[in-house]
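K.L.:
Taken from TrEMBL, the feature region 'Disordered' applies to 1-72. For 19-35, 56-66, the entry in TrEMBL reads compositional bias 'Basic and acidic residues'. Residues or ranges marked as transmembrane segment by TrEMBL: 149-169, 181-205, 217-234, 240-261, 305-333, 380-404, 416-438, 459-479, 499-520, 557-579. Per TrEMBL, domain 'Major facilitator superfamily (MFS) profile' is recorded for 151-583.
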Amino acid sequence: MASAPSMPHSETSTIAVPDEAHHADHTKHEGETRPGHITFTDSTRAPRDLTLTRTRTHESHDDTRPDLSFPFGTTDLNRGGFTNEYRAVSETGYLPADLALRPVPSHVYRLPQALADPEKARELKQMKLVTWKEGDPEDPRNWSNLYRWYITAVCAIAVVQVAFASAVITGDFRDIEQEFHVGEVVTALSVSLMVCGFGIGPLCWSPLSELYGRRPIWIIPSVIYVIFNIPCAVAKNIQTLLICRFFCGIFASAPLTLAGGTISDVWDNNERGLAIALFAAAPYGGPVLGPIVGGFVGETVGWRWILWVNMIFAGVVTAFTMTIPETFAPALLRRRAQRLREETGDPTITTEQELFKASLSQIITETLLRPFQMILTEPILLLMSLYIALIYGLLYAFFFSFPVVFGEDYAWNDGMVGLTFCSVLIGVAIAIFVTPRIERDYLRRAAEKGGRADPEDRLPGMMIGCWFVPISLFIFGWTSPPAVLPGGGNWVGPVSSGIPFGFGMVIIYFSANAYLIDAFPGYVASALAAKTVIRSGSGAAMPLFITAMYHNLGNGWAASTWAFISLAMIPIPFLFYRYGKSIRARSKRAAA
């Protein structure tokens with residue numbers, strides 16, 4: 001099957017699918033097309049024409065980039081392959097099923113089973129896949145800009161709240177230790193276990209959102225998460241607090257799973273630069289707010305009120321998430337198909353997800369097994385995930401190293417220690433303004449290559465941001481006591497280290513995440529699941545030993561240890577920029 005040519009700078013696309021797409025012979029050649037039409041040839045070699053008009057120009061939609069609104073985890077890709085059904089716009093609102101399917105994008109060309117078998121291909125000719133119509137009011141991409149920005153803001157705030165909850169309890173660890181007579185490592189589990197939940201929850205919420213739509217998963221887990229804050233706040237022993245914090249993490253992870261997809265639902269892939277920048281900053285900016293608020297609340301009214309405040313914050317955000325409508329195109333079109341079947345009595349009206357619905361075993365394999373298989377077999381995924389995990393872990397390390405420097409060495413109270421994290425927020429804010437520029441640079445590179453950028457064109461941002469993390473750690477370690485004594489130096493040195501760190505971590509995450517999506521367009525769900533598990537594992541482990549590390553090694557060498565590890569990671573984006581294409585050529589799952 002020949003791939004679709006680049007979209008012209010107009011509102012009409014021309015796609016050529018040769019005759020061989022419907023035969024076992026997979027020979028590829030160019031087909032002839034007429035402007036404004038798609039000419040297909042079926043298994044009987046009788047030509048068929050179908051007008052396909054798009055409401056998006058080339059500048060706002062790129063057919064060569066991965067579609068994050070595709071139900072990767074719940075569709076049998078071996079039988080049905082990929083489809084443009086969920087992004088296509090037709091005059092009739094239908095697209096013949098056999099003409100909408102294409103191979104999963106990877107280095108290995110594999111025709112979907114439904115097209116490779118001539119008999120199945122003839123059956124598909126009778127099926128009509130539901131698409132959006134031109135100017136369709138139900139298409140989220142056609143909603144007003146103001147409404148789409150409202151949805152984007154709610155998604156970002158929901159992610160901020162969840163990330164905030166993981167770190168807010170660090171504002172008053174000393175009172176928890178005194179009340180329950182436990183050590184600092186046990187108390188740190190209140191952070192680690194919630195972050196563990198962040199890694200486990202998406203493995204469940206992701207496939208459920210594809211089966212039932214995003215809206216139910218936005219609401220139900222969030223409500224349960226709010227409820228689980230109550231036993232945390234009234235806990236009579238440390239076991240109750242830790243167990244309930246773990247369940248808080250599982251149910252709170254729903255926004256982490258859904259926010260990026262929801263933003264991708266309402267913004268086309270070439271117009272979502274700032275929206276994705278906000279999403280990239282949210283999981284890293286949110287935890288920074290936690291100690292700022294938690295420090296002052298814990299100091300004035302106690303650690304239990306930290307959790308009550310978190311519950312109130314979560315409840316307010318959950319109320320806003322209830323206003324988010326269903327945005328998932330497969331779910332919306334599936335409902336439309338069901339409605340049209342009832343109204344017309346035509347059983348051939350359907351969607352690809354209904355035609356090629358994955359079995360339970362396939363969903364489990366896609367969700368629970370393939371991510372770990374890919375970690376072991378895909379060096380791009382492994383090293384990028386480790387880099388993201390390092391940055392995420394270092395963020396949580398700051399929550400425990402700042403109290404050592406400013407709480408113990410400078411003898412500041414919890415509220416003042418919390419304020420030191422404002423420097424990280426400054427770095428995050430700077431990154432939010434820079435990431436859209438990185439996105440525009442990517443689009444420029446794509447235009448220079450005829451509209452088809454390589455995944456490696458995502459890496460320049462990472463190649464810039466990677467230097468700031470080790471720089472920040474060296475600054476933090478060697479401007480802190482005892483290198484610079486509290487009475488002989490200034491707190492500005494270690495505090496200012498948060499600015500380059502906040503900037504670097506967001507830029508690295510933004511670029512690395514985009515690179516993984518573009519490098520594995522046919523296995524996005526598995527790649528992102530693998531990244532999430534590794535990232536959460538790092539974030540959960542760091543709080544358990546970072547305080548002891550600073551006590552035993554001293555501030556300078558403890559910070560420098562992580563700075564040297566960060567320096568060792570710097571070659572990763574440069575090596576993939578140079579050799580990524582050849583590495584992908586050896587992979588069965590990576591983009592060709």
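Quick reminder: no glycine exception, Cβ is built from N, Cα and C everywhere.
Whatever TrEMBL says is automated annotation, not expert-curated.
Walk me through the surroundings of each of these features.
P.N.:
Taken together, the residues in the domain 'Major facilitator superfamily (MFS) profile' (151-583) have a mean pLDDT of 92 on the 0 to 100 scale.
Below 8 angstroms of C-beta separation, residues 68-69, 155-156, 158-159, 161-162, 165-166, 169, 176, 180, 186, 189-190, 193-202, 204-206, 209, 214, 217-218, 221-222, 224-225, 228-229, 231-232, 276, 279, 282-283, 314, 321, 328, 532 of the same chain, each at least six residues beyond the ends of the transmembrane segment (240-261), sit close to that stretch.
Among residues of the same chain six or more beyond the transmembrane segment (416-438), those with a C-beta under 8 A of the stretch's C-beta atoms are 171, 273-274, 276-278, 280-281, 284-285, 288-289, 291-296, 395, 398, 402-403, 406-407, 460-461, 465, 468, 491, 494-507, 510-511.
Residues 65-66, 68, 276-277, 280-281, 283-285, 288, 374, 378, 380-381, 384-385, 387-388, 391-392, 394-395, 398, 423-432, 434-435, 438, 442, 453, 455-456, 458-462, 464-469, 471-473, 475-476, 526-528, 531, 573, 576, 580, 584, 589-591 of the same chain sit 6 or more residues outside the transmembrane segment (499-520) yet have a Cβ under 8 Å from a Cβ within it.
Same-chain residues lying 6 or more positions outside the transmembrane segment (557-579) and placing a CB less than 8 Å from one of its CB atoms are 380, 383-384, 386-387, 390, 394, 397, 401, 456, 459-460, 462-463, 466-467, 469-470, 473-474, 476-478, 480, 511-512, 515, 546, 549-550.
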K.L.:
Given a Cβ distance threshold of under 8 angstroms, which distant residues of the chain, six or more beyond its ends, lie next to the transmembrane segment (380-404)?
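P.N.:
Long-range Cβ neighbours of the transmembrane segment (380-404): 167, 170, 173, 188, 191, 195, 284, 287-288, 290-291, 374, 414, 417, 420-421, 424, 469, 473, 476, 498, 501, 504-505, 508-509, 512-513, 515-516, 519-520, 527, 530-531, 534-539, 541-543, 546-547, 550-551, 555, 558-559, 562, 565-566, 569, 572-573, 576, 580, 583-584, 587, 590.
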